[in-house]
Amino acid sequence: MASDPSILGASICGELPPSYTRSALPANSDLLRRPSYCHAAFALKQISKGKAVGQKAPLWIRARFQALLFSLGCQIQRHCGKVLFVGLLVFGALAVGLRVAAIETDIEQLWVEAGSRVSRELRYTKEKQGEETVFTSQMLIQTSKRGGTNILTQEALLQHLEAAQAASKVQVSLYGKSWDLNKICYKSGVPVIENGMIERMIDKLFPCMIVTPLDCFWEGAKLQGGSAYLPGKPDIQWMNLDPVQLMEELGQFTSLEGFREMLEKAQVGHAYMNRPCLDPTDPDCPDSAPNKMLRECPDIAQELRGGCHGFSKKFMHWQEELILGGRAKDSQNALLSAEALQTMYLLMSPKQLYEHFKDDYDIHDINWNEEKATAILESWQRKFVEVAHQSILQNSSQSIHAFSTTTLNDIMKSFSDVSVIRVAGGYLLMLAYACVTMLRWDCAKSQGAVGLAGVLLVALSVASGLGLCSLLGISFNAATTQVLPFLALGIGVDDMFLLAHAFTETGYNIPFKERTGECLRRTGTSVALTSINNMIAFFMAALVPIPALRAFSLQVIVYSF
């Protein structure tokens, strides 16, 4: 609004609002310089009298809003004790909601849009293939410490074998039981056989699903930990197991025609016994290996060309992309070199593990449930990563990188956990800043205690806002715990500084019972518009169909409200 200072100054004493005294105003009074900011109704009245010019409609809206804020402020000051008590009680009650806060760390739940194509495909896969096909992948990746070096060498493969063997022998002890890979790994379609003794033996021997470049060689059998016993025979393991020969020996005890036919359809054949040995000098290398007698190192690139097969050549084909990285090929598509090797161990899901052992007599005494199955899988995965990293010597030319599902979840959880030290440090610094900046040598004008109380009130409001979000079922994530406390602190303290400054400015000419009302009339509009703008901005952000961003935006909206 533009006004005529001479007219306004000449008639100011006769046209002051009721809340102002008739004493002489200071020359730099805000009412003279910014009448619409201090008292929109007064400015609107001056325009109506022709003593000033300006837009009436915005001033009319502002005047109504200022009147509401003035009335609210007066009521607050009149019942300040009750307002403070009820406010602290409500904030404290809402803050208790933090006890039921849920922190979401699942990548799918955080970043996959509900109803999106990815979400539909994941749901379709689970519905069509069933829970029994769900597994978790634990990865072991080997690279050379010198970038660009070809890793398709006997030395590199043998080091990969050493690391993979160490990882496959990991055991954890929980609930008084020992759990190894053979107990918790994912196994594809264990057959059911009528003969109980044979069925138990097959169950112990049935291999884990391990996707590895070592399956191109006899050494892939060393990663399988199952074993069985037949009278008069050494322990049967995959390193010495010939399924064709075993079927002939077991056929003496029971009819295995159906099982034999299944093995033929799966093209199991002699399994690992007719595959070349990485190290033909290994005393355990079978005589049936094609390079055993010649004691020649196999052509690694040639053997890995086109990928490898598990014990079933028909159903278990590991493509090159799954087991090799940084591949180089010639014009004939023949594999020349690679820069990385990858082995994946497939584990059962917690539900599968629970279902697999729920009727097992060996665990009847530990109150078996799905939560314990989850704890076992997570414990094994953590130890898997630890053992894999320790399997290669420091002076080795190769590097081993282990990754598990639990590792990712642990990383997400560590980022999502609230750092009490960091948050407390930030709020203590803001406390000190508010106290120092609001201190004055004149005790009557000093507001150090106001700054202290203001920051503490902001901290309580942040806690109550997050507690309300918890009660509304909005889950927390890394953005909530790492960003929101400081964002809310900045917004809240900014409003506190504005209100404290305005309260000081209104202390000269305003009756004591109206000081809070006048303070809100001057700055309440700015504070309210800031909050409304924040709510609108984050409401628009909440329309983005990313669950993590949507949850964060809704939490800011709740706090701003």
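Any Cβ shown, glycine's included, is placed from N, Cα and C.
The structure displayed is predicted, hence computed values, not measured ones.
Marked as domain 'SSD' by TrEMBL: 419-561. Annotated transmembrane segment per TrEMBL: 420-439, 451-476, 482-503, 524-546, in sequence order.
Secondary structure of the domain 'SSD' (419-561) per DSSP (helix as H, G, I; strand as E, B; remaining residues coil): 115 helix, 1 strand, 27 coil. At the 8 Å Cβ threshold, with sequence separation of at least 6, the transmembrane segment (420-439) comes into contact with the transmembrane segment (482-503) through 3 or more pairs. Long-range contacts of the transmembrane segment (524-546) within its own chain (CB-CB distance under 8 A, at least 6 residues past either end) are made by residues 62, 65-66, 69, 72-73, 111, 113-116, 491, 494-495, 498-499, 553-554, 556-557, 560-561.
Same-chain residues lying 6+ beyond the ends of the transmembrane segment (482-503) with a Cβ under 8 Å from its Cβ atoms: 415-416, 418-419, 423, 426-427, 430, 434, 438, 447, 450-451, 454-455, 457-459, 461-462, 465-466, 515-516, 519-520, 522-523, 526-527, 530-531, 534, 552, 555-556, 559-560.
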